[in-house]
Amino acid sequence: MGKVITSAWRKESWRDFPIKQHPVYVNKSDIESVERELSSFPPLVFSKEADSLKDKLAKASCGQSFLLQGGDCAESFSQFSADAIRDMFKIILQMSVILTFASSRPIIKVGRLAGQFAKPRSSDTEIINGISYPSYRGDLINSQELDKRNPDPLRLLKGYHQSASTLNLLRAFSQGGFANLERVHNWNLGFVANNNFGKRYEELASQIEKSLRFMKACGIDVDNTRQLKEVSFYTSHEALVLNYEEALTRQDSISGDWYDCSAHFLWIGERTRDIDHAHIEFLRGVKNPIGVKIGPNASKDDILRICDILNPSNEKGRLTLIVRMGSDKIEDKFPSLLRDICNDGRNIVWSCDPMHGNTKVASSGYKTRSFTDIVNEIKSFFAIHKAQGSIASGIHLEMTGADVTECLGGVQDISESILHKSYHTQCDPRLNATQALELSFMLAEILEQS
Ligand code: PEP
Ligand code: CO
């Protein structure tokens, strides 16, 4: 293994490193007072929950379970509602039932939510009606409104509170009866129920219901079996705004270890994963399971250095590499990279993000992605792993429980000319609930065969 960083880590040591994509807060005393306030707030997650997710991810890296990570590209302050959280939770439950049934493996459910508010952008500015404005960077940083584009530290507090109430509802849904497998039929969303995939889901739900009745008839205490009544649900987001992440980083009183308690799982984006930069420095010191996005330009040396720094003891479940190469590049770029990392004996949770390498602009100007490209990238990802003899351990999706028209294709055959009908994303185009189900049935077939 390569050189391991020896300088001492502190939760604030990232401040000594170069940083990309980070807001610059002009008024120092304002941001410092927000940081103090955030530091005094309760953590959003508990360290032992992060440990339990890490244990599950270790199993995923060995093929004994599978990671389903998904949610909005960017959560929004204005679209915050109980219904939106409920519908996102429902679609994740449905997808996980489809995948569990086909693969006979536990599905690890990780939402891109309760903190997914900050966005890296390809350009610092955008031109609107001939005028240049600072880019919108997510509700945690600035506003979409053109006259409110300066980073505002008070947004960090709002992000914390919205994350806390989102998480509160998710915990209630996970443990309060909503996720009881006996309610499997109720998770189907109204607008999906009548299409092919909604109907396929209904058939599956009926089979599950029948199996539960069978188990009851055999004397198994279905009503008191916790695994059938509750689910474990975890949260994740890109650790982009390090003032926020640092303020929520806490020391576990028993082990003395540090955890970023803003979410169970944090990842570093494709644009901020430079070695010897602040984002890598920050995440190396927290014990949460973490991820790093890997695009088509990543080299073998980049990845091995990332592994050395973020996972020096090669702990299973600690590091997820989220591969997002694009359907046109993955076949060319990924096989040799995968071979080199595997030959080096690294323990990696390999997850496929088939969204971020497949973004394009429709002739109408909408940012979109084609369902076919998304499916093709997933198929390539699995085929490349099969050829290498390694394990494809997860999927990372941008999706919503709403009936949006943001991605092209799928059974509804969404075309460029109807993208405008229901286009609501804050940032990147998401799969709608029907497309998410369709994708799950396709993925279930692949998992069944692998
Ligand atoms: C994202 O996940 O929303 C994102 C910006 O991804 P990436 O860093 O892979 O571009
Ligand atoms: Co995105």
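Each Cβ is built from the backbone N, Cα and C atoms, and glycine gets one as well.
A simple way to gauge crowding: the CB of Cys73 (Mn(2+) binding site) has 22 other CB atoms within 10 angstroms, across all the protein chains here. The Mn(2+) binding site feature in TrEMBL is assigned to Cys73, His356, Glu398, Asp428.
Over all protein chains present, the Cβ of Arg112 (phosphoenolpyruvate binding site) has 26 other Cβ atoms lying within 10 Å. According to TrEMBL, the phosphoenolpyruvate binding site annotation covers Arg112, Glu270, Arg271, Lys293, Arg324.
Close contacts with ligand 2, defined as a Cβ under 6 Å from any of its atoms, occur at none of the binding-site residues Arg112, Glu270, Arg271, Arg324. The local packing around Lys293 (phosphoenolpyruvate binding site), expressed as other Cβ atoms within 10 Å of its Cβ over all shown chains, amounts to 24. Of all the binding-site residues given, namely Arg271, Arg324, His356, the one with the smallest number of surrounding CB atoms inside 10 A is Arg271.
Within the same chain, residues at least 6 positions away in sequence whose Cβ sits under 8 Å from that of Asp428 (Mn(2+) binding site) are Cys73, Ala74, Met355, His356, Thr359, Lys367, Arg369, Glu398. Neighbour counts of Cβ atoms within 10 Å were compared for the binding-site residues Glu270, Glu398, and the top value is held by Glu398.
Checked against ligand 1, the binding-site residues Arg112, Lys293, Arg324 give Lys293, Arg324 as the ones with a Cβ under 6 Å from it, listed in sequence order.
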